[in-house]
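As annotated by TrEMBL, domain 'Major facilitator superfamily (MFS) profile' applies to 1-403. As annotated by TrEMBL, transmembrane segment applies to 21-40, 52-71, 77-98, 110-129, 141-160, 219-241, 253-277, 289-307, 313-342, 354-375, 381-398.
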Amino acid sequence: MTIMGFVAPSLMDEWEIGHDVLGVAMSSGLLGLACGALVGGTIADQFGRKNVIFCAVLLFGVLSIASAWSPDIETLIILRFLTGLGLGAAQPNVATLIAEYAPVKYKSTLICIIYCGITLGSALVGFIAKEVIPAFGWEGVFIVGGILPIISLILIAIYLPESILYLLAKQKNANYVDKVMKRITTANDYTIEFNPARSDDTVAHQQAKFTPIEILKQPYLLCTLSLWLGLFMNLMCVNFLSNWMPLLIRESGFTLTDAALIGAIAQVGGTLGNIFIGVVMDRWGYHKTMFLGMASAVVFSLLLTQYHSTLMIIGILAFFLGTVVNSVNTGWTSLSAIYYPTKIRATGTSTMTAIGRTGAILGAFIGGLILATGIQAINMFYFLALPLFICAIAVLLNKKLITQ
C-alpha cells in the first residue's frame, strides 16, 4: 500500500489530479485492506491459515502488476481496492500463524520480527521508486511490487506449515501434524490425540460453535474495544506517514528524489523499531513499552513542525517518528494475538485489524482534504499529534481493563 505514497507526486503531474482525488485513491487501497482483514480471519478459522495466506499473496501480487496498466485514476482506484483485499487478508493471518507456533517467552519478539517485513518492504519501495521512476515511470514500481510476492508463493507452498493448533482444534489431519512436529523436534516425547472432552486450549476447544460476534461478548468486550481504539488511531498515523510523507517533503521545497529518500528512511526506522520493540516488550511488558513509544511519537511529530530547514534534520526526525509509530503498531498485533484463545484468535486479530484499517482510510483521506485547503505542508504534523496522543491513552485504558 505504501507504493501510492511514493508514486503520488508522479501521478499528480501526469494525470493533473489534486490532493483530494489522490486521497481517495490512497483510501481505496486501505478500504480493501480493512475488508480483507475482516473476512480473512473468519475464513482462516474455518479453512486454515496457510490456505488464506497463499491465496491472498497471489491476489495482491497479480493485481499490483495490473495496476501498472491503469489508463486513468478511476481504474487505479478500483485496482488498489482489490489489491488491498489480498493484503488485508494476509497480514493478520501471518501474525496469527506465528503466534500459534512461537514459544510464549519469545512470542511478541517473533511477531514483531515477522512484521518487520511490512516496514522493510515499505522502505524497499522508497529505494526502488528513487531509481525506477526516473527511468521507467511510476508504472515500474507497481510491476516490481507485484513480481516479488508472486515469487514468494513458491516458498510459501513448500516451506510454510499450517498451524498445528488450528489442526488440533479442528481435530483433523493427524498425519500432517506429526510431520510438522518432526520438523520442529527430533524427540518423540509427544502424542497426538483428538479428544473433544478436553478443554486444553492447545489441543482442542471442544469444537465449540462460535461466530465473529463472540469477541464482543464478555469477558472480551471491553478489551476488544480498547484494542480497536488503539489500532484505529495508530494505523491512522502509520498510513498518514506512509502515504503523505514523500509528498509533504516534496511540497516543502525538496526534490522528488529527496522525498522518496525521506519516506524510505521513515520505513527503515519502522523496521528497526519492530525488531527492538518485541525484545523490549518481552522484558518491560507490552503496555509500558507501547505507551512510552506513543508519547515519544507525539514529541517527534511536534518537533517536525519546528525543525525542518535541512534534509538531514527532517531525515533524523522522520527516522525516529517512523520507528516508534510503526513498532507500536506491531505491538497491538502482538497484544491481540496473545489475548484471544485459539478458537477466536484469527477472528479477533483480523477484526481488530479491520477496524484499525478504517483509521488508516481516514488518515489517507483526511490528509488529502486538509492539504486541499492550502495549508502549509509541514504543518500537517500538528494534526498527526492528536491521534498519537489518543493512541497513548488507549494503551493505558487497555492495561487497566486487562488488569481488572
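Every residue gets a Cβ built from N, Cα and C, even glycine.
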Top partner of the transmembrane segment (110-129) among 21-40, 52-71, 253-277, 289-307, 381-398 - counted as Cβ pairs under 8 Å: 253-277
Among 141-160, 313-342, 354-375, 381-398, stretch most in contact with the transmembrane segment (21-40) (C-beta, under 8 angstroms): 354-375
Annotated stretches the transmembrane segment (77-98) and the transmembrane segment (313-342) touching (3 or more Cβ pairs under 8 Å): yes
When counting Cβ pairs under 8 Å to the transmembrane segment (289-307), the leader among 52-71, 219-241, 313-342, 354-375: 313-342
Chain residues in Cβ proximity to the transmembrane segment (141-160) (below 8 Å; excluding those fewer than six residues from its ends, i.e. six or more beyond): 3, 6-7, 50, 53-54, 57-58, 60-68, 97, 125, 128-129, 132-133
Intrachain neighbours beyond the transmembrane segment (253-277), with Cβ under 8 angstroms and 6 or more residues off its ends: 2, 5-6, 9-10, 112-113, 115-116, 118-120, 122-127, 129-130, 133-134, 241-242, 245-247, 289, 293, 311, 314-315, 318-328, 330-331
The transmembrane segment (354-375) in contact with the transmembrane segment (52-71), cutoff 8 A, at least 3 CB pairs, sep 6+: no
Outside the transmembrane segment (313-342), six or more residues from its ends: residues with CB under 8 Å to it: 92, 95-96, 98-100, 107-108, 111-112, 115, 118-119, 165-166, 169, 201-202, 205, 215, 220, 223, 227, 230-231, 234-235, 237-238, 241, 245, 249, 252, 261-262, 265-274, 276-278, 281, 286, 289-290, 293-294, 296-297, 300-301, 303-304, 307, 348-349, 352-353, 356, 388, 391, 398, 402
